[in-house]
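*Asks:* OK, Swiss-Prot features for this one:
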type     : residues : note
TRANSMEM : 17-37    : transmembrane segment
TRANSMEM : 48-68    : transmembrane segment
TRANSMEM : 71-91    : transmembrane segment
TRANSMEM : 98-118   : transmembrane segment
TRANSMEM : 143-163  : transmembrane segment
TRANSMEM : 225-245  : transmembrane segment
TRANSMEM : 259-273  : transmembrane segment
TRANSMEM : 286-306  : transmembrane segment
Amino acid sequence: MIFLTLEHILTHISFSVVSIVIIIHFLTLLVNEFVGLYDSSEKGMLTTFFCLTGLLITRWIYSGHLPISDLYESLIFLSWIFSIIHMVPYFKKHKNYLSTITAPSTFFTQGFATWGLLTDMHQSKILVPALQSQWLIMHVSMMVSGYAALLCGSLLSAALLVITFRKVIRIVGKNNNLLNDSFPVDEIQYMMEKKSILKNTFFPSSRNYYRFQLIQQLDHWGFRILSIGFLFLTIGILSGAVWANEAWGSYWNWDPKETWAFITWTIFAIYFHTRTNKNLEGLNSAIVASIGFLIIWICYFGVNLLGIGLHSYGSFTLISN
């Protein structure tokens with residue numbers, strides 16, 4: 001009873017704090033002068049991390065196993081990983097470009113786990129025989145950590161696409177206005193050459209320089225986080241194959257979860273391949289990573305929605321009249 005009460009308190013404290021962090025974070029986006037608000041949001045995420053850590057430890061103690069055996073527990077674990085990713089730049093004293101991604105991700109993931117799922121899914125259950133293995137911690141923790149990192153990296157790539165395409169649309173719009181004003185051809189050519197010279201100078205406008213810096217940082221952090229996520233995903237798939245051989249006598253069975261995990265791994269393998277090609281990196285790799293964002297959610301929720309296959313433990317229970 002004490003553990004259940006403590007879990008309930010920690011769940012609602014962490015969700016309340018991260019809700020306040022979201023409000024503070026958007027205020028700092030609107031008003032950059034409030035440095036104190038930024039520090040408060042970071043401390044709030046730190047509080048959320050400790051609450052989620054306490055929640056996982058509490059659930060681990062009274063359930064007797066690492067709380068990653070069903071959808072509710074994996075969502076809480078996913079929120080915990082998001083909070084860790086959020087704090088890495090903060091402790092390294094870097095500008096936290098990830099906060100726009102990780103704070104809302106923590107909020108929506110934990111919100112769905114706390115309020116969106118059925119109440120009976122919050123109750124810890126005895127592990128089914130197939131999950132009573134030492135491979136549970138290795139396989140599931142690596143997979144969920146990989147999902148979290150890949151989701152964050154994919155969202156950074158999507159943000160890069162939005163900023164880049166907004167710039168392209170603005171430039172195209174300006175060029176169309178020039179043509180509609182019926183400038184002489186030589187004057188248009190002169191203006192385009194002048195624009196090209198200004199573009200290549202070492203003294204760009206502060207607005208363009210900030211945009212360029214932001215794109216570079218999004219690309220840098222996106223690549224690093226996706227690299228970590230891809231490594232975790234690979235380890236998770238390999239450890240799962242070994243576990244499957246012990247449990248079912250086969251390394252691979254092509255059930256829905258395994259199939260979509262392979263598709264996810266392939267998509268991000270293509271992403272890293274595009275990064276090695278100078279002609280394909282940048283926008284092309286960002287597009288691939290953005291597609292990967294959708295694939296991850298299909299892989300993560302697909303089996304739980306269908307409730308079929310060897311990985312259907314802890315799936316949604318469909319109630320029919």
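In case you wondered, yes, glycine gets a Cβ from its N, Cα and C as well.
Bear in mind that the values here come from a model prediction, so they are computed numbers and not experimental data.
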*Asks:* Who are the chain neighbours of the transmembrane segment (259-273) in space, where the CB to CB distance is under 8 Å and they lie at least 6 residues beyond its ends?
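*Replies:* Sequence-distant neighbours of the transmembrane segment (259-273): 143, 150, 226-227, 229-230, 233-234, 237, 240, 280, 285, 288-289, 291-292, 295-296, 298-299, 302-303.
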*Asks:* Cβ under 8 Å, sequence separation of at least 6 from the ends of the transmembrane segment (143-163): give me the contacting residues as numbers and ranges.
*Replies:* 68, 74, 77-78, 81-82, 85, 97-98, 100-102, 105, 211, 214-215, 218-219, 221-226, 228-237, 240, 261, 264, 268, 283, 285-287, 289-290, 292-293, 296, 299-300
